[in-house]
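Features reported for this protein in TrEMBL:
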TRANSMEM  42-59  transmembrane segment
DOMAIN    46-468  domain 'Major facilitator superfamily (MFS) profile'
TRANSMEM  92-112  transmembrane segment
TRANSMEM  124-145  transmembrane segment
TRANSMEM  180-204  transmembrane segment
TRANSMEM  216-233  transmembrane segment
TRANSMEM  322-343  transmembrane segment
TRANSMEM  350-369  transmembrane segment
TRANSMEM  381-403  transmembrane segment
TRANSMEM  441-464  transmembrane segment
Amino acid sequence: MTSPGCPPVSSTFKGEEMKHYEETSFDTEVASHALRLRGRKLTVSIAFVAGTGFTLFGYDQGVMSALLTAGQFEKVFPQVVVDSSRPNHATLQSFVVAIYEIGCLMGALSNLWVGDRLGRRRTILLGGCIMIIGAILQTTSYSYAQLVVARIVTGIGNGLNTSTVPSYHAELSSAAKRGALILIEGSLITFGIMISYVNFGLFWASGSSAQWRVPIALQIVLALVMVFGIGFLPESPRWLVKQNRNAEAMAVISALENKSPDDAEVQRTYHAIREAVAIEDFGTSSGLGDKHGPQNFKRSPLRKLLTILFQRLGLSDVTSRLIAAANGTEYFLASLIAIFIIDRVGRRKLMLFGAVGQCITMILLAVLGSVRDTGAQVVSAVLLFVFNSFFAIGWLGMTWLYPAEIVGLEIRAPSNALSTSSNWIFNFVVVMVTGPSFNNISWGTYIVFAALNAFIIPVVYFFFPETAGRSLEDMDVVFAMAYNEGVSPVAVSLRRDVPPAGSPEADRILGIETIDRKVNTSGETS
């Protein structure tokens, strides 16, 4: 007979049998989603495709800046020619550059709706295809209106990519290497700008429209590499868990770690992601939904009109192009420094270093701008190199890394869409006003830039938490601790007693029930 209050033996046996069957079924499903690329090969492949997207971004930025004063470009688009007889063309010239930012803004904002619906991979694929269409339209342009429309189309694709690629790469990177990997993307922006100066070689092809059509068409090659490459990569495990595709997520985590799905570290990572989804699904009272950190919205738009700025220093057209090309190369080399120190120094110190250096450089440029002699022109040209060095080390990659790190899974896609959108709208404003501003207040423009950089310093110091060395889910714990203790997230982020996400201590801080450490095939909390 069965003891009172105990289930029949047959019932207990059936329950254990069912649990064993579910675990076996889950293991089989995980095995069916196993990836061919694993470990280092997978990490390198992800970095290559993500990097191609940002090389394309940088190339697209640099190529138009240097084409504005090319003879054949001015012949087809006389609206961009600025001289004493056509001073109003300064606005039209700025507009054809800046309208790209509006397209990027539209693309980034569209990610608010399509990002979590399509997933990271399909959004990148869509963005790449749109950029190819836009590049074809730009290459075949024969009127100012067509060029403007084409740049908007290209911008939409780039906006989708730049608001997705950093999140995608961050969600597929380990905490120890995430900073360096994402900063490589920032360096590849400058690499794209550097190779865009291939059009300096074509500058001498003054008798053919190939002088500007070939450099623009080269965007298509980079876009095709990205579109083709993304087809071989996995989806983000964070997004897969949100879609209740748990077996696929486990397979991706296992491949990234190059370990068995039964490995303790793989299990902890999977549990931490499930924990983040549980916070979203069950709406805990930890305050995470309302306490996400500030976004890094700052990005320098000076690159857009670099060649023009050198010309405004009194340099000839050819000399300006040579120096701009050299500046692009130095910009790329300076950006490499941050890759090697980001995960050791941390995010906050690099951002503060960059902002202080940029502010001082702009003040010096304003002082020298008020002195009109050859010596001042030479030093001013050197200071533009210095400014880009500070920006490359402190902010270039950070503007893509930090927003992807600081927000939780629940709002990562829309938050990155918004932070990227702010980047594009402010770029549009500054690019539109820079040309007319130099025409009207001359060196006073540098004072404005100096003030903006000075404003950033206290904002970073008081409001930007440190994210170095922590997983994306660890930041949920940081904000929960800050909320529970009534202190600043910045102070908590600098402490060493924050438990890792996925641990029992983190579960208690987050205020959710402990999730079973073993994989639950149903995808629900135990």
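Every residue gets a Cβ built from N, Cα and C, even glycine.
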Non-local residues, at least 6 beyond the ends, that sit with Cβ under 8 Å of the transmembrane segment (92-112): 60, 64-65, 68, 77, 79-82, 123, 127, 130, 134, 144, 147-148, 151-164, 304-305, 413-414, 416-418, 420-421, 423-425, 427-428, 431-436
Rounded mean pLDDT for the residues that make up the domain 'Major facilitator superfamily (MFS) profile' (46-468): 82
Leading contact stretch, 42-59, 216-233, 350-369, 381-403 vs the transmembrane segment (322-343) - CB distance under 8 Å: 381-403
